[in-house]
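First the structure, in the form of structure tokens, and then the observations on it.
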Amino acid sequence: MKMYNFNSGPAILPAEVLQQAAEAVIDFNHIGLSILEIGHRTEWFVNVLEEARSLVKELMQLDDSYEVLYLQGGATQQFMQVPMNLLDEKATAAYCDNGIWGAKAIKEAKLFGNVHIACSSKDREHTYIPRELSVPQDSAYLHYTTNNTVEGTQWNFIPEANVPLVADMSSDIFSREMPFSKYSLIYAGAQKNAGAAGATIVVVKKDILGKVSRAIPSILNYSNHIEAKSLMNTPSVFAVYVSLLTLRWIKKEGGLPEMERRAQERADLFYDTLDSLDAFMGKVDKRDRSLMNATFTTQNPEHEKLFLDICKNNGMVGVKGYRTVGGLRVSMYNSLPLSSVQVLCDLMKDFNEKHG
Ligand code: PMP
């Protein structure tokens, strides 16, 4: 029996994507070869890559001033690749300090130039999104994490800044409509809403490139990847294919408006239940709650393990909080059915009756 999958990433994928990916491992498009066996410069794979890149653009409604790249190294590599390509040694970039992942991005950026902290939620353990930002006019860019996977907060507005906007959208990409053309660079590991681990999506507005004076190693230079159409070296062929299948699924299901409607529906069900029960409590400010990753705890700390055991015994995975943070967390990405959230809510209600 399939488990209820609340994993934070790698995470749940649509059943039909898994089926299609499995078939392609045996025989890709009936060509007599596995997707794992074809060359990355064959027409077969070039078509996959081109369709995936153009679907990203289509879903985000971006024009040709943007390029979509499929890279490797995860979002973590982008923490350093972004400043390496965009931040000169003596220049300053503004960063929002709203969680574990953002802090890692800040640490890497400091290796390349000056970092100005535009806002921080450290004072309350990143349980909210600050409304006040300070962004120096001459900042090379403003960087922020649209959804804080670990802490369970999400920006539901776009930070105001008259400088290029750079966003780590790893955990909420393709989950909601956004004015993506306001951004100069967007990156995300594919392993949550956009496919399998191993592929990293980078969407870049071409006019921000070529402005830093440092020498950039070839493989880390976005301009080289643009020129090579994401085929500078061997890409993660299978992960890109799974990403394509996932993007096709998103489009077929109704695109980002429908993903957003489903995300809201799941989150409403979960948070309404959470707020109605004495045995549990949410961890972050209500107005900043993430639609993707809900963080919470048991009112009685001793009950946490008990609840986790109950979840496990009922076929659930991914209910435990991030390893360094603890508590409880459920991730509710695009393909998580509402019915899975309902099963979890029923368990929580039952737990509340017994232990609330
Ligand atoms: N940023 C965010 C917001 C994340 O959630 C994660 C991973 N969960 C990362 C960055 C790191 O991604 P990766 O493991 O692909 O390097």
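Placement of Cβ uses the backbone N, Cα and C atoms for every residue, glycine included.
Neighbour density for SER8 (L-glutamate binding site): within 10 A of its CB lie 20 other CB atoms from the protein chains shown. Taken from TrEMBL, the feature L-glutamate binding site applies to SER8, ARG41.
Sequence-distant contacts of ASP168 (pyridoxal 5'-phosphate binding site), defined by Cβ-Cβ distance under 8 angstroms and a gap of at least six in the same chain, are ALA75, GLN78, TRP101, GLY102, ALA105, HIS143, TYR144, THR145, THR146, TYR187, ALA188. DSSP gives ASP168 (pyridoxal 5'-phosphate binding site) a strand state. Positions annotated as pyridoxal 5'-phosphate binding site by TrEMBL: ALA75, THR76, TRP101, THR149, ASP168, GLN191, ASN233, THR234.
Residues or ranges marked as domain 'Aminotransferase class V' in TrEMBL: 3-341.
According to TrEMBL, the N6-(pyridoxal phosphate)lysine annotation covers LYS192. Under the three-state DSSP scheme, LYS192 (N6-(pyridoxal phosphate)lysine) falls in the coil class. Taking the Cβ of LYS192 (N6-(pyridoxal phosphate)lysine) as reference, residues of its chain lying under 8 Å away and at least six apart in sequence are, in sequence order, SER8, GLY9, PRO10, ALA11, THR149, SER170, SER171, ILE173, MET292, SER331, TYR333.
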Model confidence over the domain 'Aminotransferase class V' (3-341), as mean pLDDT, sits at 97
Should any of the binding-site residues THR76, GLN191, THR234 have a Cα within 10 Å of the Cα of ARG41 (L-glutamate binding site), which are they?
THR234
Greatest Cα separation in angstrom, residues ALA75, THR76, TRP101, THR149, ASP168, GLN191, ASN233, THR234 binding pyridoxal 5'-phosphate per the record, works out to 30
Among the binding-site residues ARG41, ALA75, THR76, TRP101, the ones with a Cβ under 6 Å from any atom of ligand 1 are ALA75, THR76, TRP101
